[in-house]
Protein chains: 2
Amino acid sequence: MSDPLRLGIAGLGTVGVGIVRIVQKHGDLLAARAGRPIVITAVSARSQKDRGVDLSGYAWEDDPVALAARDDVDVVIEVMGGHEGPAKHTTEAALAAGKDVVSANKALLAIHGQALAEAAEATGRVIRFEAAVAGGIPVVKSLIEGLAGNEITRVLGVMNGSCNYILTRMEDAGLTYAEVFEEANQLGYLEADPELDVGGIDAGHKLALLAAIAFGTQVDFSGVALEGIGAVTIEDIRQAADMGYRIKLLGVAQMTGRGLEQRMSPCLVPATSPLAQLQGGTNMVVLEGDAVGQIVLRGAGAGEGPTASAIMADVMDLARGTRYATFGQPAHTLRRARAATAAIPAPYYLRLQLLDKPGALAKVAAALGDAGVSIDRMRQYDHHDTAAPVLIVTHKTTRSALDEALARFTQTGVVTTAPVAIRIEAV
Amino acid sequence: MSDPLRLGIAGLGTVGVGIVRIVQKHGDLLAARAGRPIVITAVSARSQKDRGVDLSGYAWEDDPVALAARDDVDVVIEVMGGHEGPAKHTTEAALAAGKDVVSANKALLAIHGQALAEAAEATGRVIRFEAAVAGGIPVVKSLIEGLAGNEITRVLGVMNGSCNYILTRMEDAGLTYAEVFEEANQLGYLEADPELDVGGIDAGHKLALLAAIAFGTQVDFSGVALEGIGAVTIEDIRQAADMGYRIKLLGVAQMTGRGLEQRMSPCLVPATSPLAQLQGGTNMVVLEGDAVGQIVLRGAGAGEGPTASAIMADVMDLARGTRYATFGQPAHTLRRARAATAAIPAPYYLRLQLLDKPGALAKVAAALGDAGVSIDRMRQYDHHDTAAPVLIVTHKTTRSALDEALARFTQTGVVTTAPVAIRIEAV
């Protein structure tokens, strides 16, 4: 049996402790599979409080940057979080000291991924980040390795469990966004800054990482068109369901003739699609390739066990000698993609409030027609006041044509409130 | 850029041609990702007929064993099929000649996997077989690598698209098994020997391969309790649906206190589970680990593109330098597992025909009680003759207790035909 692989863990929150638990519990299993022992030699965290695991056998470092440079550490596991400060310094220090890095830090990699990948390349080290995307689901591995023979045509998915919890809970319990947001916050389901979740930022980081792998491009979080779930109403959830759809916070990355389109926004998906059936905090990623067709991966998107499992997958790969470039191909070969927005036509769901008087519907239909948007289905439904709610599902249209139609609506004089427009993603 | 990785393809059926297409179409993409060119140097098949791809740049070998020994081949791709004869000889010859092998051959590996893994180990070569299980879904990779930090607790799934097509088509069209079997056969959905599909043998091979990886055991196809779908009736599909279940040909592997249980048989699964929602020829594998929880993987289980995609995933791994033992740990460390059957209690669905006379139901209930089987739900439904159909869902019971109850049924004198008993798998 070969030399042990020696881990230094920077960060002893939920995930760090989860890694310690796995290494301590499954030492024999890991060694049998890797052909060498996996050992922890040093750990680092802000305080030496009791975390319910025995850390006495490991060296302690107050400073994670010092941990990253230790001679008795082969792989630095960065599970502190944050896209600047200690996490960034530790990762850079580890690479500079000739260590491989295993990271759960989606924000750091989404923002500084290209520079870090180049730093790793310069020192012949690797950065692995399975745990940064969709928790325990081996999605980074599936994309870089499992689909390596494919031209990737689209990557999409539900990548934030908290948002999916909020949306499914609104539907199941008939509660408003504000009510469920409060509930989720109380239950500790949201980040300290909830906007990271409900604003789509956290999921956007994950999407940017997958897009870089899928399309061989430099990771570009700033190119993600972000829209959170704060404006989703129970009314739209219900009406969408009636029309055969569910609303999900959906990330979609696709290479278009006009550049790389990355969107993280509420979308309607057909109720029969696997994405629509996703309940609660689970994540689902759909990978589409020209040879493989469509692959769907589903599992827990967060939590101690799933995230530690993903970290250990990367550790075991390193122990077995698997090494490749951070985003699946050398950092210097990754192209800088032009960011495209709304390049891909789609059908849209529209909800309008119309003045309840003759000819109102005709004016709306005309506005759509004048903008070049054609109607697939239209429905006026029960109401009890002077405004008549109308639902429209359009045929496939460009976003610019739709925006023109929305502008024309206000000129009709019959649309009483701002229309709701939600993209329908085919999947 | 490093030396090219040189492939020799043994077999030019659908999959072999699919590999040629990918290598020819995506040469630049593959080289960028692998850091070296992927080239085909030699091919072998039974006849030199036109296959719609240009093979003129490759050396031709009539004999795949000769191809396996060529100096200009680094990796032998075995896509001929068959668990004896040329496929076996070619694989053995390749290993003996110091070549790595990438195989789509589930039968060969399920039956001779241990000996082949030992042969690979003896020569320091590797055998990879992603394409042998569930087509394009990266399930072997997910299990060996993605979940390498987990103790695997259960592996299950729908692994034969033809059977799933037959079962969902029976339900959707209200046709009998015989009718849909004929239809599927006409459409070319079944193997030349259909029993490989509908008898569960092909899916059983896949299950045996996954079980060996999951539990660190020597692959043991003979230990798979096999039951095909030939006895599934439209009546049971309908009644199960009414009770909230769907019938699937389900493979389940689980380590028990009494040994390794491997089953491939029709099962009821809750209609809300992802497995139940699987339509047509798609495959789905569920992996359960102590840290990661449940991971669900779904995709096309067969076909040129998906299978060739899986082959290329293994090729790309080899090109990148990824190397590990055939079943994820050294062949000599794989344990010989005792085969356990029916070790894990489960609820069962029972359908009986009773004489339509007073006390009949009480006798059946008593027979169950005497055998120690308790009833969760029981329903007698509409009928138009002298026999009354009765559905029973039991609470969790052992198979032996259930078998005793079935034996007691015949002694009651009121059960007119052989009872149907189908296991309900929680998932």
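Placement of Cβ uses the backbone N, Cα and C atoms for every residue, glycine included.
TrEMBL annotations: computationally assigned, not manually curated.
Owing to the predicted nature of the structure, the values given are computational and were not obtained by experimental measurement.
Now, the feature entries from TrEMBL:
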BINDING   B:Lys106  NADPH binding site
BINDING   B:Glu191  L-homoserine binding site
ACT_SITE  B:Lys206  active site, proton donor
DOMAIN    B:349-423  domain 'ACT'
Quick one: pull the CA-CA distance for B:Lys106 (NADPH binding site) versus B:Glu191 (L-homoserine binding site), whole Å only.
14
Name the residues of the same chain, 6+ apart in sequence, whose Cβ is under 8 Å from the Cβ of B:Glu191 (L-homoserine binding site)?
B:Ser162, B:Asp197, B:Asp202
For the domain 'ACT' (B:349-423), report the average pLDDT of the model, please.
92
With DSSP, how much of the domain 'ACT' (B:349-423) is helix, how much strand and how much coil, in residues?
25 helix, 27 strand, 23 coil
